[in-house]
């Protein structure tokens, strides 16, 4: 039911004890505050919740996609790349705002305290007579894309972990303490990155067997801290090693632009966290301020790291900027620490598809078989993401493919259509309808072109690998 899904979303975003089954998150936030001195405490609590929501919004949008943006800028060009990131950021923020407004309107109209993304699409389609009979498919489609997105992130994490650990091990003999040297460590060839994925597999399975995320809370906090520290060091290295003069293409090849689109929209991965975060706020009317501030910071971060990362490493930029860092112990530590952060984040991303897929399966078996079925499905899903990563061990192409297929649908195609479905009988202007259709068509073109080019590149690189 509605409350069960709402509970899952809150548990996913805020590791710790979830709400009790009979307590909705809105009820907790709307509890009356006593008069007197506690009003100051209430103001402090509201400010704390504001910054807590802001931090979670930043966390929901900063991951491996950020590290792949320098390569995305290379695919679009030094001028077109940053400008395109700015435009995509503005459009993504606008679509997030649309989703919140539609959810508000529909939940008020239906007398429900909270709607998930899928439910908002389902009830929005019920406003259109010709779509009423198929409205339940709206929720199913959104849930399907959420599953694809989250499992896609998990595939990316396998590739990211294997490539970074492989690089650290191969350069171990030549790793120095001097990070200012121009000498490159001699790489000692080791195993194929696919074997590193198999080595990581048992640790990932053990991680997802932790069915309650509250046990991962201290590890998640530590992971966030080391990822932030790693980003600071990455920025420091790039800013202190910018070559002059800068002689890089201002405009990339047209055939590579769909790869830019897929990577960029993959980076703007936080639309799935918007509704749970907005509902968690003590004063939901303040959420637009959180959204604009948080996503403004995210967009600035994307443009800056994408641009200076590409300028610093030029045409040799890798699928993740960590792969270009020098072979001294400080930056090798950055790779390992960021890898630990991604390892812990795997469990958080995995939680959403697990909570969608496992409960229906467990409900069909007896109590004796509930735990074996639960753990079997978890193991099967991890194996599935590992197999996909082994089949496509190219970090940049996996990011682009996942972004093109699922992130474009959730972030660009569906929200504008939802606004048309929701408000089409309430005086929605023709300009708004036209604007929404343009955004959805743009997302659809990116979906088709990005998916096609990514698959073509995957086949091409795989064929070249087997030829060698």
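Note: Cβ is positioned from N, Cα and C throughout, glycine not excepted.
Taking TrEMBL as the reference, the stretch among 13-34, 79-100 described by the feature transmembrane segment is residues 79-100.
Only pairs six or more apart in sequence are counted, and the transmembrane segment (257-277) with the transmembrane segment (375-392) gives fewer than three Cβ pairs under 8 Å, not enough to call it a contact. Each of 79-100, 195-212, 289-316, 336-354, 375-392 was scored by its Cβ pairs under 8 Å to the transmembrane segment (433-455), and the highest score goes to 79-100.
The list of residues near the transmembrane segment (336-354) in space but at least 6 beyond its ends in sequence, with Cβ under 8 angstroms from a Cβ of it, reads 8, 11-12, 15, 63-64, 67, 146-147, 150-151, 153-154, 157, 160-161, 164-165, 168, 203-204, 207-208, 210, 213, 216, 219-220, 222-224, 226-227, 229-230, 272, 322, 377-378, 381-382. Counted as Cβ pairs under 8 Å, contacts with the transmembrane segment (375-392) are highest for 141-160 among 47-73, 79-100, 141-160, 398-421.
Of the candidate ranges 47-73, 79-100, 141-160, 289-316, 141-160 contributes the most Cβ pairs within a distance under 8 Å of the transmembrane segment (195-212).
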